[in-house]
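These features come from Swiss-Prot:
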- D62: active site, proton acceptor (ACT_SITE)
- N128: active site, for ring-opening step (ACT_SITE)
- H130: active site, proton acceptor (ACT_SITE)
- E135: active site, for ring-opening step (ACT_SITE)
Amino acid sequence: MKVIKVENQVQGGKVAFEILKEKLANGAQTLGLATGSSPLEFYKEIVESDLDFSNLTSVNLDEYVGLDGDNPQSYRYFMQENLFNQKPFKESFLPRGVKDNAEAEVERYNQILADHPVDLQILGIGRNGHIGFNEPGTPFDSQTHLVELDQSTIEANARFFAKIEDVPTQAISMGIKNILDAKSIILFAYGESKAEAIAGTVSGPVTENLPASSLQNHPDVTIIADAEALSLLEK
């Protein structure tokens, strides 16, 4: 596991983009993508580059259950606004946030992941150490599944909604096994609120109580983080 300290998210996006260019030069075809504020500067680097992504495939980590793709709070909408509209991919897959028959959607998405092995997976991290929407207690051998969101996750995401009651309580998420199947992983972490989770991810015990600690079992993980997120690790 490699840890790169950056001044801010802008620098973090540039560092990640250099890693991406190296992976693409070595034949990467499929990118695993994440939402949230952490990867935004990385996506900006992609959009502003002259690289052609029209032969690449993307698969996203997760999607809320109950939000249509046209809903501004859906992750499909987020990806369209921040990346896909400006930099089209050959194919872009996201879980469908269907309320009915979620089991069929889980099966469909696991097949997509089997058909499109991820070369580089992008991650953020939750305050409780979740990656994707894999909350504490998620088995490390889990594949795509329906998730009941932790209250801390709902509270953290409430800032994106008019009121906390509007935040979906369920999501469909890649499982930890799906994430670890990626050849390479970049995890972004910014701010003091992520410090405890990062300390456990890098140097704590590998435990299902901290989903991101599973990354210690992966051979090629790069953590890009600022001083605040690394503050407990450096003490």
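Here the Cβ of each residue, glycine as well, is placed from N, Cα and C on the backbone.
Quantities reported herein were computed from a predicted structural model and do not represent experimental measurements.
Everything Swiss-Prot records as a feature, shown here on the structure.
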residue : record                             : DSSP class
D62     : active site, proton acceptor       : strand
N128    : active site, for ring-opening step : coil
E135    : active site, for ring-opening step : coil
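Each residue contributes its Cα atom, and for H130 (active site, proton acceptor) and D62 (active site, proton acceptor) those atoms are 12 Å apart. Long-range neighbours of E135 (active site, for ring-opening step) (same chain, six or more residues apart, CB within less than 8 Å of its CB): N128, V147, E148, L149, D150, T153, P211.
For N128 (active site, for ring-opening step), other Cβ atoms within 10 Å of its Cβ number 18. All chains included, 22 other C-beta atoms sit within 10 angstroms of the C-beta of D62 (active site, proton acceptor).
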